[in-house]
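Reviewing the structure listed below.
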Amino acid sequence: MTSLNSANFLLNLVHFNREIAIRVFRAATEMGIRTVAIYSEQDKQQMHRLKSDESYMVGKGLPPVAAYLNIPEIIHIAQENNVDAVHPGYGFLSERSDFAQSCVDAGIRFIGPSPEAIRRMGDKVEARQAAIDAGVQVVPGSPGPVKDVQEALEFCETYGLPVIFKAAYGGGGRGMRKVTTIEEVPEAFERATSESEAAFGNGALFLEKFIERPRHIEVQILGDKYGNVSHLYERDCSVQRRHQKVIEVAPAPMLPTEIRDQMTRDAVRLAKHVGYENAGTVEFLLSESGKYYFIEVNARLQVEHTVTEEITGVDLVTSQIRICEGHSLPEIGASQHLIYPNGCAIQCRMTTEDPAKNFQPDTGRIEVFRSGEGMGIRLDSASAYAGAIISPYYDSLLVKIIAHARNHERACFKMNRALKEFRIRGVKTNAPFLMNVLKHPKFMSGVVDTYFIDENPGLFNFEASQNRAQKLLYYLGEVMVNGPQTPLATDIRPADIVPTVPNVPYSPTYPKGWRDVLKEKGPEGFAKAVREHEGLLLMDTSFRDAHQSLLATRVRTHDLLKISPFVANSSMSNLFSLENWGGATFDVAMRFLHECPWERLEEMRKLIPNVPFQMLLRGANAVGYTSYPDNVVYKFCDLAVQSGMDVFRVFDSLNYLPNMMVGMEAVGKAGGVIEAAMSYSGDITNPEKTKYTLDYYMKLADELVKGGTHILGVKDMAGLLKPQAAKLLISSLRDKYPEMPIHVHTHDTAGAGVASMLACAQAGADVVDVAVDSMSGMTSQPSMGALVGSVERTPLETGLNPQDIYQYSAYWEQCRQLYGPFECTVTMKSGNSDIYENEIPGGQYTNLQFQAFSLGLADQFEEVKKMYKEANLLLGDIIKVTPSSKVVGDLAQFMVQNKLTPQMVHDRAEDLSFPQSIIEYFQGYLGVPPGGFPEPLRTKILKGAPIVEGRPGETMEDFNFSELKTDLEEKHGESMNDKDLVSAALYPKVFDDFCDFKRKYGPVTHLDTKTFLVGPDIAHEHNVEIERGKTLHLKTLAKGDLDAMGRREVFFELNGQLRSVFVKDNEAMKEIHIHPKALKGVKGSVGAPMPGEVLSIKVQPGEDVEKGQPLAILSAMKMEMVVQAPIDGVVKSISIERGMKLEGDDLIMEIE
């Protein structure tokens, strides 16, 4: 016999990414044998090439599969490089007798069975006959390959259904199709033939009767040249999907000894009968009754050979080589009496498939790879490393994990632990599914059949992988390559500053605050306690309205939470409330800050449990800009209270009582404190202004008190409430309602805010609004420090310590510098008393000025302000607060841009194309303004458009939240809670975009504000705390050059490890042609469910299609997938051609 020691060794691997290449190299190296690899042109970067001593390209210019099927060239490479032996691994040529014969003919040893044995066992029909001749029971099946559909139909009629098509010249689940109805036969035959041809180079099929509920048991055998055959016990491969093994166990759990002995004897008998040499596997189906049937012999090494090696200690690859050298089984220590099982081993095949999408294969670049290891864990892999490219050409196997322990249960625990340690990013894997299988009670018991996966849908309930770190790197890369992901309003960059948070000594308890009163006494008792309180109470707007007015509502949760503990643990706990939610913050949080407003509320509540939270509720508009069905408003208020909201300032943009009553009732039902607020406009001390008089407000107050408000609010959104008017209004309300708490809100645009609030307090107001000093003034609220100082040592003393205010203000002053891109003082240098004329609300004043300057119309801002007054009068001199203020602003800008006077608007109203907000206002979608709509202007503008009579939401049908939940979960692929549903009901498009952003970029709310807005600088280091006790250390390294695909690679160091992400350069992409993507959420826009190649197109443009009808067939990783029509309709366009390579979500066709 001739030893292969020091000889060359060629590995022919069809599946380059399979670990078997490296597995064989390792065994050969241990034996002192040099190794040679072949690789296709597409696989030159693959690991198996680098692990061999030599490597040579095969099939240059050919597709990768064809390259590895090129027998003449493979033999030529072997001869040219003095190769003595070939190991076929497993895959395309491993069971091809013509390949084995070609090796023998060329004088090259084939490490495997003889060509004749491969031919005989590879032919399923002949193998079946051999089993019969050897006295082994077989499953009823066709006597030879099935020639056509007609022959298949005749077999079905003879033996009955179900039956199964199988590839005659290969295994691994390829070319297998179960048939349960006669109608399925033609399609199953076509698909199985096509798959077999692609996988094995031969599309021949045979048919078998399908055995119901079997266990799949296989016996590992070794045979030598001298007629010796040993078995290495059995493996249970019953956990299968699409007839492909997913998890294998050795030995088979709970298999009766007598069945094991009979099965292994039959396997050995069959091997001896055919003169089998080298390694092979004899496969059986074990029925529920305990009867087993031979199904096939795999004349090669199996993927799952590892578990046999673990329990027997026999190196099967080394044994193959020794047998090829001519050694006998006794000589290599593989006699039957020396082989016995020790413990239990489990193998999991981790694949690049997405179990949440029916195991759709995934391809791409592995961005992160961290393995699970430890005692009793073995990993066999080749492409499992960061930077590896997973292509669509081959099987989806990524890594085999093998766990070995004393028994089946311990092996399950060990495997689950190892799987949990894996971190793989960039491609989807089936790891979540594997973990569900391993902890399933039935699998833990050890007895499952091939129906296990199909009958346990709970295996597909997954906890979504958060992948937070990698998503954040993508976000940072996106900002570095394509600029800020939230629009910036000015050229001022965020300051390079970390705001100083005042020190808060640890204490397990919090100072008692007004929220404790509310929790103890309820809304009515709370209101009574407020009224009985002797000093002046303050509401701080710094957390909402102040930054809405000064910084475009852009302050992030990240910065709000930093200062929250100080508020809860200092004299700030004496505040009546913190205004921190509602209004524009709800919209802006999702739209521009990419964070969840509900999470903001809940996180603040955890840190500030003792101060009441207050929000703006736009009556029947909730926190939106239009009317909604009443059940939306009710559900919103209920969820807001559950999430930590306490006081609701309920108002309506037109003071329209029916709208306000809906909000008040919703708040009351939810258990919140109702603060019904009258929106103040005009000047009650000016006798020339006769619309919004003291009498008007007193009557409005009567209705609000009757409606059940707990607190009476006055909302002076433009800062029009002068001190003398404040004294008149508040004293009149106090005289009429001595037991009712009064709360006043204003803006300091004119500069008289402190004086007005002092007048209110002295006239009997219980609560007034302020902002901390550094966030006060101009279009914000009056200064907290100024007001506190003004009432020191008087009966109105607030209980706030000036030293705490100074520290609080210092934090906000530094924090404000982070928001330079939104700083109003770029254009606004001071307040302006002209608001007494134009009556522009504080927040809108800032926005209008921003818009004018950004459009290069700074010189026209004065004209806009003047026209705002005229627009207000044209609309009927209305209350101006969001959303009615927007109507006035839109009309004012429309008039300025078109150089229209009020008279011209009247004269040309029927011919002008007005902004939509103006049309909807006149239709009545916001309600009815005091005094009604101005005529004939309303009629002229509407031009016959429909009119809403009464309260807009009154005639709306209840919103269908169940239907919305179904739609959203289908669209976004994730579970939706009630808060998500309300967000989507209020802002459908904004919520969809927010979900898409979050899914792509993760929890950006954890980034510091400067990094979030403008991205990190090169070499910048910073920490990101993604949750308590979990901190990421990030360092930005470099931004790469543009590649051929229009991408830039951005490099980072994450927790000391190199990471990189590829980001498409949006500017460069304008010049590069790319295949269009299917539109998310548009059912008629059909995208590729997986990367792959187009095999065939089943329809034509203009053709009628029905839901479920086949549209096209794709192939990836040797699996074919039928793309079906998602809806009924007509094919509008087709974007693919036969043979085209597609990426995931590439547009296939559009259906109307």
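Cβ from N, Cα, C; glycine included.
These features come from TrEMBL:
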type	residues	note
ACT_SITE	Arg300	active site
BINDING	Lys124, Glu208, His243	ATP binding site
BINDING	Asp545, Lys715, His745, His747	Mn(2+) binding site
BINDING	Arg618, Thr882	substrate binding site
DOMAIN	128-325	domain 'ATP-grasp'
DOMAIN	536-806	domain 'Pyruvate carboxyltransferase'
DOMAIN	1077-1152	domain 'Lipoyl-binding'
MOD_RES	Lys715	N6-carboxylysine
MOD_RES	Lys1118	N6-biotinyllysine
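Its Cβ taken as reference, the residue listed as 'active site' is surrounded by 27 other Cβ atoms within 10 Å in the chains shown. Per-class residue totals from DSSP over the domain 'Lipoyl-binding' (1077-1152), listed helix then strand then coil: 0 helix, 39 strand, 37 coil. Comparing the binding-site residues Glu208, Asp545 by how many other C-beta atoms lie within 10 angstroms of each C-beta, the top residue is Asp545.
Taking the C-alpha atom of His243 (ATP binding site) as reference, the shortest distance to any of the recorded positions Arg300, Asp545, Arg618, His745, His747 belongs to Arg300. Cα of His745 (Mn(2+) binding site) to Cα of Thr882 (substrate binding site): a distance of 15 Å. Cα separation, Glu208 (ATP binding site) to Arg300 (active site), rounded: 22 Å. In sequence order, Gly583, Ala584, Arg618, Tyr625, Ser653, Pro841, Gly843, Gln844 constitute the residues six or more apart from Thr882 (substrate binding site) in its chain with CB-CB distances below 8 Å. Across the binding-site residues listed here (Lys124, His243), the residue whose Cβ sits among the most other Cβ atoms within 10 Å is Lys124. Across the structure, Lys124 (ATP binding site) and Lys715 (Mn(2+) binding site) are spaced 85 Å apart at their Cα atoms. Spatially close to His747 (Mn(2+) binding site) yet at least six residues away along the chain are Ser549, Asp716, Met717, Ala718, Gly719, Gly753, Thr779, Ser780, Gln781, Pro841, Gly842, judged by Cβ distances under 8 angstroms. Note: the Mn(2+) site is recorded as Asp545, Lys715, His745, His747; in the same chain, Thr541, Asp716, Met717, Thr746, Asp769, Gln781, Gly842 also have Cβ atoms within 8 Å of that site's Cβ centroid.
The residues near the ATP site, meaning same-chain residues not in Lys124, Glu208, His243 whose C-beta sits within 8 angstroms of the mean position of the site's C-beta atoms, are Gly141, Ile164, Phe165, Lys166, Ala167, Met176, Phe206, Ile295, Glu296, in sequence order.
Rounded to a whole value, the Cα-Cα separation of Asp545 (Mn(2+) binding site) and Arg300 (active site) is 73 Å. Restricting the average to the domain 'Pyruvate carboxyltransferase' (536-806) gives a pLDDT of 95. Across the residues the record lists as binding ATP (Lys124, Glu208, His243), the two Cα atoms farthest apart are 16 Å from each other.
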